[in-house]
Amino acid sequence: MAKNGLKNPPALKPDVLRVIPLGGLGDVGRNMSCYEINGEMLLIDCGVLFPEDDQPGVDLLLPGLDYLDDKLDMIQALALTHGHEDHIGAVPYLLKRRPDIPVYGSRLTLALLEAKLKEHRIKGYQLHVVREGDTAEIGEQFDLEFLAVNHSIPDALAVCVRTDAGTVLNTGDFKMDQLPLDHRITDLRGFGRLGEEGVDLFMVDSTNAEVPGFIKSETEIEPAIERVFEKAQKKLIVACFSSHVHRVQQVLNMAVKHHRKVCFVGRSMIRNMSVARDLGYLHVPGNTLIELRELDKYSDSQVVIVSTGSQGEPLSALARIANREHRDISVGEGDTVLLASSLIPGNENAVYRVINGLTRLGAVVVHKGNALVHVSGHAAAGELLFAYNIVRPRAVMPIHGEIRHLIANAALARSTGVAEENVIVTEDGGVVDLDDGVPHLVGKVDASYIFVDGAGVGEVTEDSLTDRKLLGEEGFISVVAGVNTRESSVISGPAIQARGFAEGEESYDKIRKQIVSELEKAMNDGVDDPHRLQQVVRRTIGRWVSKTYRRRPMIVPVVIAV
């Protein structure tokens, strides 16, 4: 029996398309979906999720790649909708399992990905550039069509998947900005054409399904950004996503207008903007850019620093600046910091820690909560309704969002006339079979988090995280004792080491005597197995700590029998 009451799925029947979200349904991140029919498999997106405060030591969370381990030879291709980390960040970890999986995506998406693959030292990869309007035959079972969609990064695509079992349209991340900075609007004509042909399953971005109306255009935030530049008399730092080419372009344009040089800070920012510039997606006038080492040549009012860290990432440039840990950049009274990004759910505490740290140092912090300095890259309810009415799908499967977003999106679909039974709300691992154009939720597979911890992938488990939280919140006690089981006596110790307690060594004298008494009693009762004696120690000291200090530390007993 799988989670949420769904059973393990039945064997896949011939000519039936199986759709499985391996990430992105229940979280805002690690987006990935799997399509299987007649022994062949297609993947769309393969992203990461960034850890929350209750996941100490974790660097990244991957989608359910383990599900693919015994199916790697079936994979015909991976198609990428765009270049954000939550859609391409896990590709290196997939290609480490099978490097020659053909990867399809737009020019910018694949350029950003290739830079990551080189960092991971992956060789033998196969990248295939596509653009809107292109089609591709994948294996024997899949015909793909790529459509332009507008998002907060250039070159985003929706993917139409045609099979003998039916047609699926996956929007990826999209919105309907009618005045985008790159003049590349969502292909509503293409959506309408596919609707006329017949879309059996419409997989739709849910991130802003709870937001009424339409998302404002990127052009509407330029006056607010300009006001920030006009008021900033000293140092100005702008933090945004390292792949938000449009936002960085706006900052570059303002910098030129206000006679400031621009300095990129943060490894991913420097890498991504270099890629975008080389491909012509980022236009940098003249000698606007300077290196970090050149900052000292200019006064604070002559430079704008464009930094990573808009989500409060602990190791980002902005977080290190806020903590006064950055060796080259500091902020002080009268400096200005602009957070030009949305707040991703789950990152609130980290972001507000950075804001408070910067404010404590005297900086003026401008963010979406106090000025119109950012607009979302995801369609709001009005745009989603528009999409449903254009496509008129037979069935809908909300994707990309927490459960509340998925449910809100499902309600929008139903309001446009999609039948109740044809709106599929599931979370990661839900198995949907499309049989002759009709979808059925038939089971669930394991799509659990895979934790990346330093160089380790999948080695950290939920139990490991529980231990880490316990260590951080409750402390640690180790007890080492030597016993002679034949004579039922304690011959050394018990030695007690504790961390996370303020008490001194003398506070343990009483419990030492109690541990000796309990061990000798157990041995006199015939207990001579070291493991069982360790449990005696654990129970004894656990009761003492709970009663005396009302704490539940991690207890590590070691009993050595001679």
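A Cβ is built for glycine as well, from the same backbone N, Cα and C atoms used for every other residue.
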Quick one: which of HIS367, HIS374, HIS400, HIS405 does TrEMBL put in the Zn(2+) site with HIS82, HIS84, ASP86, HIS87, HIS151, ASP173?
HIS400
In this structure, which of the binding-site residues SER242, SER243, SER376 has the fewest other Cβ atoms within 10 Å of its Cβ?
SER376
Take the Cβ of HIS378 (active site, proton acceptor) and count every other Cβ within 10 Å, whichever protein chain it belongs to.
25
Starting from the Cβ centroid of HIS82, HIS84, ASP86, HIS87, HIS151, ASP173, HIS400, which together make up the recorded Zn(2+) site, report each further residue of the same chain whose Cβ lies within 8 Å of that point, ordered by sequence.
ASN31, ASP45, GLY47, THR81, ILE153, ALA156, GLY172, GLY377
Using Cα positions only, nearest of the binding-site residues to ASP59 (Ca(2+) binding site) (HIS151, SER243, HIS244, VAL375, HIS400):
SER243
Roughly how many angstrom lie between the C-alpha atoms of VAL375 (substrate binding site) and ASP205 (active site, proton donor)?
16
In sequence order, the recorded positions (ASP205, SER243, HIS374, ASP453) whose C-alpha falls within 10 A of HIS151 (Zn(2+) binding site):
none
Which one of these binding-site residues has the most other Cβ atoms within 10 Å of its own Cβ: ASP59, ASP173?
ASP173
